[in-house]
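Novice: Okay, these came from TrEMBL:
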| type | residues | note |
| --- | --- | --- |
| TRANSMEM | 7-28 | transmembrane segment |
| DOMAIN | 18-280 | domain 'G-protein coupled receptors family 1 profile' |
| TRANSMEM | 48-65 | transmembrane segment |
| TRANSMEM | 85-103 | transmembrane segment |
| TRANSMEM | 123-147 | transmembrane segment |
| TRANSMEM | 159-179 | transmembrane segment |
| TRANSMEM | 185-203 | transmembrane segment |
| TRANSMEM | 230-257 | transmembrane segment |
Amino acid sequence: MSSLKNILYFQAGLGILANTFLLCFYTFTILGHRSKPMDLTSCQLTFAHILFLLTGGDNWLAVILESLNIESDFKCKAIFYTSRVMRGFSICITCQLSVFQAVTISPHTSLLAKFKHKLKTYIIYAVFYIWFFNFLVCSHLLVYVGGFNNVSETNQMRVTESCSLFLMNYVISGLIFTVTTFRDVFLVGVMLITNAYIVIILFRHQRHCKHLHSIRHLRVSPEKRATQTILLLVVFFVVMYWVEIIISSTSLLLWMYDPGFLTVQKLIVTVYPTITPLVQISFDKRVINVLKNLQSKCQQIF
């Protein structure tokens, strides 16, 4: 149990550091007017992942709130609401990245080409609606999550040591389940379709290039590098999403609190926000150049 906790702490800590670095990079890039259309979206994704890791990676935010002597009920509502909003925002933004990348690399003869010139405007509108939608969808947690008490244990499911999820009537729980399931299935479906489209475009482009140049002399373009990054992130997200669904469903069916099971669940749900910044750093030449400059400066100092 302690070894799992240590792995969780290391994983969450690594994810927070990597996402914080990327958040600073994207912020300075955007403020310096050297940003790409996707940088604003990526910036918000890293911000959401930081908050998700703080609330989901063994509730570090709970420790901060406890040190401030904030009551358990408010603490539980704040943690679970923030965690679920950030989780929903993460899946929406990942889908948005996939769709807009498909628009970016689409040929001029395709139907998607007409959206290219207004892509930045669409990104801003999409992000606004995504925030609003996820705030609204997760609002039930402000009512049905609270501090755990021993008065009526049958009407609540203990989800952490101090927090519990209260029973909802069938109409409300059915409505929430339908909306969240439709959102997730729809977004995952869109991601799979757009990624299939992207793979077809890349395959055609590569086949065309083979006729013009030798493969040894081909250089990977920034667009292709960005496309490969998003493809990798989406595939990884879909796999981890279904693993999370299986674990979460099992937890709800058992309707019981198991610290070991909860730790495993936290390990699974924090994998994607931890891996994402590492993949982005590895594939973004701008970030690699910044790291190389920092390394050379450190070598000069020491």
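Keep in mind that glycine also has a Cβ here, set from the backbone N, Cα and C atoms.
Note that this is a predicted model, so its numbers are computed, not measured.
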Novice: Using a Cβ cut-off under 8 Å, which residues of the same chain at least 6 positions beyond either end of the transmembrane segment (85-103) come close to it?
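Specialist: Tertiary neighbours of the transmembrane segment (85-103) are 37-38, 41-42, 44-45, 48-49, 51-52, 55-56, 112, 115-116, 119, 122-123, 126-127, 130-131, 133-135, 137-138, 180, 183-184, 187-188, 190-191, 194-195, 197-198, 201, 226-227, 230, 233-234, 237, 241, 269, 272-273.
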Novice: I'm checking region-level scores; what's the whole-number mean pLDDT for the domain 'G-protein coupled receptors family 1 profile' (18-280)?
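Specialist: Result for the domain 'G-protein coupled receptors family 1 profile' (18-280): average pLDDT 78.
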Novice: Who are the chain neighbours of the transmembrane segment (123-147) in space, where the CB to CB distance is under 8 Å and they lie at least 6 residues beyond its ends?
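Specialist: Residues 37-38, 40-41, 44, 71-73, 75-77, 80-81, 84-85, 88-89, 92-93, 96, 100, 159, 162-166, 168, 172, 176, 179-180, 183.
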